Amino acid sequence: MFSDKTRNLSRKFDQEHHYTLKKVLKYKQFCNYFVKRKKIPSLFITGTDTNVGKTIVTRAILQVLAQHNFSVVGYKPIACGGDDDLPTEPNQTDYTSEDNSDVLIILDSCPQPVAYRDINSYTFTHSSTPIFAALDAVHHIQEEKLDTDLSNLQQNYPNVVVEGTYGWLTPINKDLSFAEWVHKNNMPAVLVVGIKEGCVNHALLTAQAIQQQGVNLIGWVANRINPCLRHYAELIELLSKKISAPLLGQIPYIAQPHKKDLTSYIENPDPLLAYFQK
């Protein structure tokens with residue numbers, strides 16, 4: 001039989017041990033909560049269509065952030081080439097090439113050297129790959145791979161600028177769209193509007209869809225893709241009144257913008273800087 005003194009000591013030890021264990025558990029819960037709350041700032045660049053200038057705007061934003069001393073990297077989850085032939089069989093690899101022009105422009109725009117596969121999860125030569133991936137007919141693009149690659153970048157860089165593929169509602173696979181993936185990852189969006197005939201309808205529908213998805217639209221960028229377009233100024237004025245997010249900048253029709261310093265064209269960077277300074 002144990003003495004009263006021994007039993008008291010044992011009880012005291014159990015109480016202290018239980019108290020310490022509770023403190024450890026509470027500390028772990030706090031850390032987990034803080035990690036969830038303190039997400040690495042990531043920004044998603046989407047567009048009204050394909051070939052509206054998402055990559056050029058991504059370059060401009062990367063350059064602006066670097067100019068303001070942010071450590072930043074770009075990420076193009078899914079890159080598709082210009083081959084319009086229909087894919088006839090499933091891809092055997094996530095990379096049918098490593099020379100996609102969009103990814104290479106983003107590589108060149110990052111303020112520090114990164115590898116191709118660090119900033120891209122899938123590269124396909126066929127432009128129609130997302131359509132057939134959505135039908136689960138060619139290549140099932142894995143959401144987990146996108147999440148892992150984004151997380152790896154977030155662990156190494158304080159700020160990540162992500163460029164989408166085609167438009168806002170483009171499918172990633174048969175179960176998921178870019179809109180849903182962006183919402184899941186709690187990223188705000190910047191909308192790129194290619195200024196051309198018919199762009200008002202495309203811009204307003206896309207802005208509406210972004211906000212209906214519950215994604216914060218930080219702002220929009222006008223990219224002049226038709227140098228002969230009449231009433232350019234009037235279109236900008238109309239879009240500025242109709243889109244409930246600020247105009248961040250206007251990129252003119254210029255030769256080889258992927259080789260230029262585009263920082264001066266983002267004339268209103270404050271909404272971007274405010275987000276990344278949080």
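For all residues, glycine too, the Cβ spot is worked out from N, Cα and C.
The candidate list Asp99, Asp102, Asp261, Asp270 contains one residue that Swiss-Prot assigns to the ATP site with Asn51, Val52, Gly53, Lys54, Thr55, Ile56, Asn223, Arg224, Pro252, Tyr253, Ile254, namely Asp102.
Residues Thr55, Asp102 are given by Swiss-Prot as Mg(2+) binders; from Glu144, Glu163, Glu180, that same site also lists Glu163.
Cα to Cα, Lys76 (active site) and Glu163 (Mg(2+) binding site) are separated by 5 Å. The two recorded residues, Thr55 (ATP binding site) and Glu163 (Mg(2+) binding site), have Cα atoms 7 Å apart.
There are 23 other Cβ atoms within 10 Å of the Cβ belonging to Gly53 (ATP binding site). DSSP assigns Gly53 (ATP binding site) to coil in the three-state reduction, placing it in neither a helix nor a strand.
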